[in-house]
Amino acid sequence: MKNRTLVVLNKSLLNVLLKKESSNVARIIKIGLPCFLAFYFVVQHFYPGAMSPDSINILTQARTGNISDSFPIFNVYLWKFLDQYVVEGPAGMLVLNMLLYYAGLFMTFYSLAKNYSRLSSLVCILFGFFPPIIGILGAVWSDITLTSLLMFLLGLSVFTGFGAEPDTLSKPVKAFVAILGLVIAFAAVSTRHNAAAAVIPIVFLFFSSFVPNKNHAAPLERFSRLLVVFLIAAVATVGLFVASKYINSEYTVEKKYFWRVTVLYDLAGISCRTQEDQLSEILVSGQGLDNICGLYTPKSYIPLVLGEQIHELDAAKRFKGAPLKIRSGGDEINDLLFSHWISALIDNPSAYFSHRSDFFLALTTKHFGALWAPVFDSIYSNELGIAARDKVDSRIFDKIRSLSLNSIIFLPIVYLVLALLVFSISFVAILRKNSNCNNRVVTFALAVSLSGLFHLIGVSVFAVSSDFRYSHWLIVSALMSFALFFFSFVKTEEN
């Protein structure tokens, strides 16, 4: 009976999953083992999951049902489900994020290992343990959920378009993969207010994975086909974005109009550069150019609403003033704020550009006293029954913290340059007639680099604090696009 059971398992599992090919077994071990070890390492270190005030706010909303528009409703309900039916606290979100991230990593490099066995295993190990990635990977933030969802969709796309040729998949399997991909894309769009820009190129990658690969097509024909797929992906993503915003609007209990902080932040930046008060007429407190400019900093909007320049490292030199508070009201005041904001941008484009440029530099370079947290494993004090902690005692993470202070590998601007290089060279390679590369993998590289660049643009224009976590997807996508681009020019290995 025991032997018969083993035979059945061999036929049902090994034949289907491993296809009885030793090369596939080797791929699963070579790629699966480092992914599993990295998954275990991150979960074990961060457990039950690092939590900042944002994390605490979302879980509080999930438990009380008093849902505001400060965060997308998807995050609240996802955490609510996990908190009620899986495990209380942040552990459910931590494990889900890591499952999505490392499953995507596995699918990507398992697919590439079909042609690049040893190289795929090595790069997978580097990705699984790369310090600028894992330093905040276990934090329960919407930024990490976005990274995890995009990584899963990326892995699904690479597996569909490269690991398993689209024309070999049955119609039911194609339908299942298509539905799963769209669900993941909708979840990604719904995770952050500004996530849609990053999602479009990955949806394009997903759609293009279903298109037959024509290596011998003329460059113009290949580019035209990809452009059509990109436009379809953009329309589909916009549709998902609109649906997500409708759900947010319908099910939000408390309207805080969080977009107003962007108005406040931009008008403060313009006012301080033009020395013309653009804010006082829409404020109920904190009026006056001296107060506004004393609190303003390109690093974040937080001093404006706290009334203290908290980003000044020397407490004795911190400016203390009156917090800026925008007049309350509904649609009427919102219309006034929006029109006032747009008018200020149109009338003072150079001041606005200077303000956002300084913010961009704060976001992509290292600024002590700002929101520079390339390693975050703390749990802030809370009333949710989750034990607070300053940090996790770990020699490995202590070394990562030390490395983050001195190494350029933690500077987001490095990955911006890398993503721009990969995008530019990939674009040229696609247009060249006799490009000595794998066109499908080059397309993957182009799409992934573009996703990181789009995300950075969205953050640079609409974000109001220069958190390191906002660059997390840029770092992951830039490295992944470089790896894919490198693979596209490497001679195929024999497994």
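Cβ coordinates are placed from backbone N, Cα and C, and glycine is handled just like the others.
Database features (TrEMBL):
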| type | residues | note |
| --- | --- | --- |
| TRANSMEM | 28-47 | transmembrane segment |
| TRANSMEM | 91-112 | transmembrane segment |
| TRANSMEM | 119-140 | transmembrane segment |
| TRANSMEM | 146-164 | transmembrane segment |
| TRANSMEM | 173-189 | transmembrane segment |
| TRANSMEM | 195-211 | transmembrane segment |
| TRANSMEM | 223-243 | transmembrane segment |
| TRANSMEM | 409-431 | transmembrane segment |
| TRANSMEM | 443-464 | transmembrane segment |
| TRANSMEM | 470-490 | transmembrane segment |
Criterion met for the transmembrane segment (91-112) and the transmembrane segment (146-164) (at least three Cβ pairs under 8 Å): yes
Same-chain residue ranges lying at least 6 outside the transmembrane segment (223-243) that approach it to Cβ under 8 Å: 182, 185-186, 189-190, 196, 199-201, 203-204, 206-208, 211, 214, 217, 430-431, 443
Candidates 28-47, 119-140, 173-189, 195-211, 443-464; stretch with most C-beta pairs under 8 Å toward the transmembrane segment (470-490): 443-464
Interface check, the transmembrane segment (409-431) with the transmembrane segment (119-140), three or more C-beta pairs under 8 A: yes
Contact ranking winner - 28-47, 146-164, 173-189, 195-211, 443-464 against the transmembrane segment (119-140), Cβ under 8 Å: 28-47
Paired segments the transmembrane segment (443-464) and the transmembrane segment (146-164) in contact, 3+ CB pairs under 8 A: yes
Chain residues outside the transmembrane segment (195-211) and at least six past its termini with a C-beta under 8 angstroms from it: 146, 150, 153-154, 156-158, 160-162, 166, 174, 178, 181, 185, 188-189, 225-226, 229-230, 232-234, 236-238, 240-241, 443-444, 447-448, 450-452, 454-455, 457-458, 473, 477
Remote residues contacting the transmembrane segment (28-47) - C-beta distance under 8 A, at least 6 residues beyond either end: 18, 91, 94-95, 98-99, 102-103, 105-106, 109-110, 113, 117, 120-121, 124-125, 128-129, 134, 137-139, 377, 392, 394, 396-397
